[in-house]
């Protein structure tokens, strides 16, 4: 519960506790173009009216506290307070509501995702009057988004750097993720790149462990990249994970990558933190490095339907903080991701202007005002039989990443890479010829396997592998 706030000194100070809704529930409010808008899924405790719950969220995530304080009279709360301006029940759910909250732009530090999240979600999620709370979406106004650099380079600049157009990019996470020596790790990188992949990748928890220190890994991977480039005539890359225990150490690793002349580094943006990520993104733009982002820890935050933060919000935050790639689920693989929900936040990552579309979970129209886009990365439990669906779902502006689906090939790493490259080229050609990949995809793969023994072997190994579990987070 919270005060009805009077901001004029002549009124005088009246101590006490009053309902939040008397001050922070304002259904007559017309949102401003400069407001940050939030859509919260609110589950109040029994006996708490939805208007009070929505107002409590607005208050506790902006200027309010649990009781009237005399310093309220020293400022204009009408200028600075958050406002719950609309509440609607969630269809099919009992005692659950979407509360829309508007925040004045002056509440937030320019160019700081850290400050934005500290304000909007930093404290209110532990509020006792709420059984559960989930931040479903944010509208970031151009007046705020223009204070951010955003991705270091973006989709078009990356394609120009790599000289690769008209198809998704292909990647592979090196497995086993832990335990290889740096030299054996570099060998696997070389074999995959030589076989036809565009990128290989450090897994999210590959940092600098006793069995493989980061500098040794960087050196052997750089050697692998240059050797594969010389043999194939294509530009290659390996996502060198710069994530570290301190921001200073992270930057030291990024500097080493730049000195080695490699094209791309990597960061775990949630475990590493938004402040560190934004610093790294600025360095990458200034020094010509692409930045791959892994979302390790995201499911702790976003998987539960009633509590937490939806990934579309984390995706928007990443676009502002900075990254050229980010993992975005696969729809068809082993990791969580319902199709319409996934395509909704994929558009929020890639496009300049995204219309409100509740059928895909997009609560607000978002205008990025020419901020560079981010390539979504499909990774996790995918193999050659998934290639038609992945090509059809994600389109050209994506990275399709096969870890076990490359390194698990019965003939070795390079043949695994060949199989994936052949499958991708076949799917792109079939699509360009007007064939329906959703309906004819398996036939396209079978036809291509007649001319590629590597693809035929991969098709045989993974013909029975499926991950058919219902998504937890559905619209």
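Backbone N, Cα and C atoms are what each Cβ position is placed from, and that goes for glycine too.
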From 62, 247, 379, the one annotated by Swiss-Prot with 123, 173, 177, 295, 327 for substrate: 379
Candidates 175, 294: member of the active-site residues with the richest Cβ shell (10 Å): 294
Inter-residue Cα distance where the pair is residue 175 (active site, proton acceptor) and residue 294 (active site, proton acceptor), in Å: 16
DSSP three-state assignment for residue 175 (active site, proton acceptor): coil
